[in-house]
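According to Swiss-Prot, the feature active site, acyl-thioester intermediate maps to C99. What Swiss-Prot records for H392, C422 is active site, proton acceptor, and it gives sequence analysis as the kind of evidence.
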Amino acid sequence: MRQALPLVTRQGDRIAIVSGLRTPFARQATAFHGIPAVDLGKMVVGELLARSEIPADAIEQLVFGQVVQMPEAPNIAREIVLGTGMNVHTDAYSVSRACATSFQAVANVAESLMAGTIRAGIAGGADSSSVLPIGVSKALARVLVDVNKARTTRQRLTLFSRLRLRDLLPVPPAVAEYSTGLRMGDTAEQMAKTYGITREQQDALAHRSHQRAAQAWAEGKLAEEVMTTYVPPYKNPFAEDNNIRGASTLADYAKLRPAFDRKHGSVTAANSTPLTDGAAAVILMTESRAKELGLRPLGYLRTYAFTAIDVWQDMLLGPAWSTPLALERAGLTMADLTLFDMHEAFAAQTLANLQLLGSERFAREVLGCAQATGEVDDAKFNVLGGSIAYGHPFAATGARMITQTLHELRRRGGGFGLVTACAAGGLGAAMVLEAE
């Protein structure tokens with residue numbers, strides 16, 4: 001085993017996560033219909049600052065992410081600074097790592113803290129699947145550029161005459177991998193077939209996710225970390241995630257048809273995470289800065305790991321790669337964890353990763369490790385449900401998981417938690433958290 005690499009500043013300060021907050025998550029075209037991601041980001045950061053009672057000028061950096069990019073606001077982070085009353089001199093930039101985007105934002109702020117260039121920052125992400133950048137065809141785009149340079153009406157008409165009717169149709173954002181043409185659901189189907197994961201197993205995991213999430217809301221466990229939002233026409237508050245199906249039964253899941261491989265598949269809309277709108281953010285500081293401000297941190301970021309694998313086959317195995325690396329850097333084993341939280345993009349993807357974490361063969365032949373990372377204890381796994389139930393605004397999910405896990409660790413008296421996610425492009429992310 002290599003030497004552990006816990007995250008501390010040059011002065012020995014740990015990286016403190018002081019607080020975290022998110023909007024409720026809304027299914028596509030429901031409560032946040034028409035609300036762009038930048039406005040969702042402003043909502044959550046503004047409320048996070050108001051609740052924390054931290055002086056606005058104490059925040060020296062904001063790193064924020066958005067996966068579904070809006071051309072009119074390419075640097076969502078800077079727009080949030082300008083739209084929330086933060087100090088205009090606050091450094092702000094945007095990141096994107098697909099479904100692990102807010103993991104990356106947190107890592108970037110942590111690195112600034114370790115470098116000593118800042119003492120406090122905000123990291124997070126927002127996405128809207130209801131406000132999409134609808135584009136134009138490549139043929140129309142090329143003609144429009146040429147028309148802009150044409151000097152006469154005749155030249156412009158000649159250029160437009162080259163277009164066919166199909167060239168005028170709007171082009172929605174791509175849902176497939178650029179390099180392979182595969183949709184995420186196609187990859188989930190690959191994984192189900194490769195690792196022998198049945199439809200019944202997938203439906204059971206999805207049902208478990210919804211039941212746990214519904215119970216978490218019923219017991220008031222999420223009230224402190226989810227804000228109440230008001231959106232036009234401002235008639236009704238939106239305060240709870242609207243995707244959770246607490247009253248569903250396993251029989252309900254069995255009724256749905258496969259969504260991707262319609263003839264032989266097992267991945268359905270019910271055992272996959274839905275398209276979702278929402279935002280989430282966390283405040284990070286050096287441990288000494290938190291003490292100066294009289295703040296008790298939610299917990300600490302002990303370490304993290306990012307990994308990448310090939311995209312052609314089973315590319316959503318990021319957690320099986322990033323988890324052992326993060327544990328090694330933290331100087332921990334699976335047995336040391338109090339909680340283990342994995343992003344549920346699909347039930348098939350989640351179950352495949354769990355299978356490989358406990359596989360001696362995968363550890364030896366693929367990772368080059370002497371032993372398996374370890375079986376994940378069901379009593380520690382996604383104890384409050386996961387993305388299948390809550391939904392998945394791509395750039396916000398990591399910050400949701402971090403905040404949720406730290407609150408639950410506090411309720412349990414402290415300990416270590418690991419949060420991990422797969423991401424498009426064969427990427428993986430894992431972070432080890434600590435609460436006292």
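A Cβ is built for glycine as well, from the same backbone N, Cα and C atoms used for every other residue.
Remember, it's a predicted structure, so these values are computed and weren't measured experimentally.
In terms of local Cβ density within 10 Å, C422 ranks first among the active-site residues C99, C422. Taking all protein chains in view, 26 other C-beta atoms sit within 10 angstroms of the C-beta of H392 (active site, proton acceptor). Rounded to a whole number, the C-alpha distance linking C99 (active site, acyl-thioester intermediate) with H392 (active site, proton acceptor) is 8 angstrom. Across the fold, the C-alpha of C422 (active site, proton acceptor) and the C-alpha of H392 (active site, proton acceptor) stand 12 Å from each other.
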